[in-house]
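J.: From Swiss-Prot, here are the annotated features:
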| type | residues | note |
| --- | --- | --- |
| REGION | 1-20 | region 'Disordered' |
| COMPBIAS | 8-17 | compositional bias 'Low complexity' |
| REGION | 26-47 | region 'CaM binding domain 1' |
| DOMAIN | 50-191 | domain 'Tyrosine-protein phosphatase' |
| ACT_SITE | 135 | active site, phosphocysteine intermediate |
| REGION | 151-180 | region 'CaM binding domain 2' |
């Protein structure tokens, strides 16, 4: 996971994000960085525990939103798609889960999961339920999956899908590697459209 997924318990903050940390020994640096991560986790749970509605039956959010059982039930969420390597299902007896174990790094291949994630979202909707797609912060990995879903299901361009998601969840910001994978998806969809237009 990268520092893009702020607050991630397993992400390592760069020294530059904590002014003056260079003067401490490695053990103290690690302790300070761990404390900063704990504070960020607590802030995420406090401030971001309600998912964002992207479209009918599709929500996007953070780990805190995925833990908020009462809100999820009130939104008719029946399925939860977790896009993170270190997060376990919070309520395995209450929701249908799919976990895609990936880290938020530019070299992570998230594109290989696009089709199965789209199928999972479609299945939840077919059954009359709703699905929450989340990672740790609901900023990069989960956003990438939701953008890919909108592109594949509605024929949106990358720009249209990303703008729509950002209008519903302003923190949305896939890492550069995920943007490249979405650009590849867009190109493959354009080639497919050209092929079938003959």
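Quick reminder: no glycine exception, Cβ is built from N, Cα and C everywhere.
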J.: What residues in the same chain, six or more past the boundaries of the region 'CaM binding domain 2' (151-180), come closer than 8 Å to it by Cβ-Cβ distance?
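T.: Residues 2, 4, 52-54, 60-61, 104-108, 110, 114, 118, 122, 137-141, 143-144, 186, 189 contact the region 'CaM binding domain 2' (151-180) from elsewhere in the chain.
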J.: Taking the Cβ of residue 135 (active site, phosphocysteine intermediate) as the centre, how many other Cβ atoms fall within a 10 Å radius?
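T.: Around residue 135 (active site, phosphocysteine intermediate), other Cβ atoms within 10 Å: 30.
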